[in-house]
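Enquirer: This is the feature table in Swiss-Prot:
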type	residues	note
BINDING	His67, Cys98, Cys101	Zn(2+) 1 binding site
BINDING	His254, Cys285, Cys288	Zn(2+) 2 binding site
DOMAIN	29-139	domain 'CMP/dCMP-type deaminase 1'
MOD_RES	Thr32	phosphothreonine
MOD_RES	Thr215	phosphothreonine
REGION	1-62	region 'Essential for cytoplasmic localization'
REGION	206-333	region 'Necessary for homooligomerization'
REGION	310-317	region 'Interaction with DNA'
SITE	Asn241	site 'Interaction with DNA'
Amino acid sequence: MKPQTRNTVVRMDPDTFFYDFYNRPILSDRNTVWLCYEVKMKTNDRSRPPLVAKILEGQVHFDPEHHAEMYFLSWFRGNLLQACKSSQITWFVSWNPCLNCVAKVAEFLAEHPNVTLTVSTARIYCYWKKDWRRALRKLCQTGARVKIMNYKEFAYCWENFVYKERKPFRYWDKFSGNYRFLRCKLQEILRHLMDPGTFTYNFTNDPSVLGRHQTYLCYEAEHLHSGTWVPLHQHRGFILNEASNNLSFPEGRHAELCLLDLISFWKLDPAQTYRVTCFISWSPCFSCAQEVAEFLHENPHVNLRIFAARIYDYRPGYEEGLLRLSWAGAPISMMKYSGFSHCWDTFVDHQGRSFKPWKGLNEHSQALSGRLQAILQIMGN
């Protein structure tokens, strides 16, 4: 389907702008998504303008094909991509992108490192729902900049995308309060701290636990500078495996592979050296261990350390997978008290409370460490 494109000659009606870009945090019956965009380009084709600015209209529809973000990607690939040496894309959207659109945007940015994206949204869609909060985090993790539209950006859209008849932009009642709320809410979402109960439930290192079907993975990256590892705070957070009912991954995707996706999105400098440390609730399965090993072979500038709370032994071949990781230069160890405490301090919304170990933590850690060493020794022989 071709995008329904409206250029800046035929602008948006003022009433439409005020109705659909109204920044009240909770709104109903706003089923149209407006995407006003600008593309600043560097190109060898002098016949092309350095700045393209237009409007796309999409629907909050179950079929992602009808989303404005998908229209834009289709339009950009078909019209500008081949001619661009580099481009800076800015979106001004009435609603932030959904998880499926974020996945497509992530693929697009990974495929085209010469493209940057800034998303300024008037509102956050269903900010209380986990999937939509995760969509915002994933969008940032891909390298896109996400922000709440402020007064200057509303005024800019009014000047460039609205048929205003020389009337200045006038903000509505409670505009500033709505903006402050949404800005704080976005910061809260992107801070991405785990609930204490979620951490304790999923990271308990009792090997006999049942019902822990999800894998949680906390990660932090460092850059080697003058012989010292310097934290990269922008590359820190936690992820979990993608459910099999997700449109982007019909068969599901394990947390380890999601981490590899993230590292690729970071666009790390191959001439530098980086270290990624992950704390994971289950050790990698054989298939994930293989893919991690291949990734490290293809990206020698990235080092990986893995600390696991428990050993995942539900599928055959897990022992070989653990050995494969060791051979690939990704040493795996079992989490100890210090690791659990570090995760609590770094990745959990602990509200100032210190980490309290659960019963048997040290005993389980020692037993699992002994079992891991035995596996590596036996398989190595």
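Indices start at 1 and increase along the chain as displayed.
Heads up, the Cβ atoms here are built off N, Cα and C, so glycines get one too.
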Enquirer: Based on Cα distances to Asn241 (site 'Interaction with DNA'), point out the closest of the binding-site residues His67, Cys98, Cys101, Cys288.
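Expert: Smallest Cα separation from Asn241 (site 'Interaction with DNA') among His67, Cys98, Cys101, Cys288: Cys288.
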Enquirer: Quick one: Cα separation, His254 (Zn(2+) 2 binding site) versus Thr215 (phosphothreonine), in Å?
Expert: 8
Enquirer: Among the recorded positions listed here (Thr32, Thr215, Cys288), which has the Cα closest to the Cα of His67 (Zn(2+) 1 binding site)?
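Expert: Of the recorded positions Thr32, Thr215, Cys288, Thr32 has its Cα closest to that of His67 (Zn(2+) 1 binding site).
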Enquirer: Rounded to the nearest angstrom, how far is the Cα of Thr32 (phosphothreonine) from the Cα of Cys285 (Zn(2+) 2 binding site)?
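Expert: Distance (Cα to Cα, whole Å): 43 Å.
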Enquirer: When the pLDDT values for the region 'Necessary for homooligomerization' (206-333) are averaged, what is the result?
Expert: 88
Enquirer: Can you tell which of Thr32, Thr215, Asn241 has the least company, meaning the fewest other C-beta atoms within 10 angstroms of its C-beta, among these recorded positions?
Expert: Thr32
Enquirer: Please report the DSSP secondary structure of Cys98 (Zn(2+) 1 binding site), reduced to three states.
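Expert: Reduced to three states, the DSSP call for Cys98 (Zn(2+) 1 binding site) is coil.
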